[in-house]
């Protein structure tokens with residue numbers, strides 16, 4: 001049986017994860033990852049990379065929890081392996097603090113490690129906050145994790161191709177199925193006007209004494225220590241496509257983070273970075289059969305994770321691979337013969 005030719009368009013964390021999941025779950029496929037940008041030039045390279053989920057109001061909670069648990073388990077295995085250093089995946093403990101008392105327990109509380117209410121002694125560190133949660137989660141760095149993923153994709157036998165795709169029909173008849181992981185690119189590529197950018201600015205600083213993450217309950221201000229730097233954030237500018245850092249926003253980020261962790265006044269080597277989060281009402285994970293002039297092109301869409309990409313990427317990639325498997329089975333099922 002000839003291999004099914006699969007094109008995965010997009011080489012951020014979604015595209016590479018999906019290609020790897022397909023190679024593991026769907027035998028008999030030849031996979032090509034096609035993108036005009038690979039690491040270090042993708043949106044995923046800029047992301048903070050901590051596993052604290054963004055909530056998708058239109059997605060059932062049990063489904064979000066499944067995606068998060070599968071992603072956490074995948075990265076937990078890497079963190080406990082010899083690949084941890086190369087992939088830059090590690091455990092980090094810390095606090096999520098609030099200015100008012102909350103009785104709500106997040107859906108992911110029993111997935112992360114050691115989730116509990118903060119003690120009075122811990123809260124003394126945060127005089128502006130009255131309540132908080134302490135837990136241990138996982139942190140990764142996109143600039144290391146993406147090359148690690150790409151290496152695994154190539155080891156699986158897949159091919160990478162640097163090329164800009166303007167229309168999915170360009171890929172037919174060279175490919176049998178297309179997986180669309182283009183994020184914000186889907187606005188032009190497939191005409192999805194539901195997806196829009198939310199600009200995020202953050203600072204990467206040297207502050208090696210900072211070992212615990214701190215995140216304000218609103219999610220706007222955060223301090224995430226990583227392998228090579230500490231990430232300070234953040235900002236949200238909906239509909240802003242401008243990738244130029246704003247000096248005033250950087251000053252505001254540093255001020256807010258220093259209010260949470262005064263020792264950051266001593267941070268040095270401050271670098272500004274900007275990324276565009278691909279927001280829509282919910283993640284698009286679905287099959288579509290395109291038809292034109294008697295030709296057909298099955299497509300699996302996998303994009304639109306907003307600020308929750310790294311927290312959900314492996315779980316949604318597994319689901320995208322399952323959808324692709326359904327497309328493969330449909331291609332391999334002979335059409336019924338007409339009755340005479």
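One-based numbering along the chain as shown.
For all residues, glycine too, the Cβ spot is worked out from N, Cα and C.
No curator has checked TrEMBL annotations; they are predicted automatically.
The domain 'FAD dependent oxidoreductase' annotation in TrEMBL covers 5-323. As annotated by TrEMBL, FAD binding site applies to 43, 44, 182. Among the features that TrEMBL reports, D-dopa binding site is placed at 222, 277.
Recorded features from TrEMBL, shown on the structure.
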residue: 43; record: FAD binding site; CB count, 10 Å: 22
residue: 44; record: FAD binding site; CB count, 10 Å: 27
residue: 182; record: FAD binding site; CB count, 10 Å: 29
residue: 222; record: D-dopa binding site; CB count, 10 Å: 24
residue: 277; record: D-dopa binding site; CB count, 10 Å: 23
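The separation of residue 222 (D-dopa binding site) from residue 182 (FAD binding site), Cα to Cα, is 27 Å.
A separation of roughly 19 Å, to the nearest angstrom, links the Cα atoms of residue 222 (D-dopa binding site) and residue 43 (FAD binding site).
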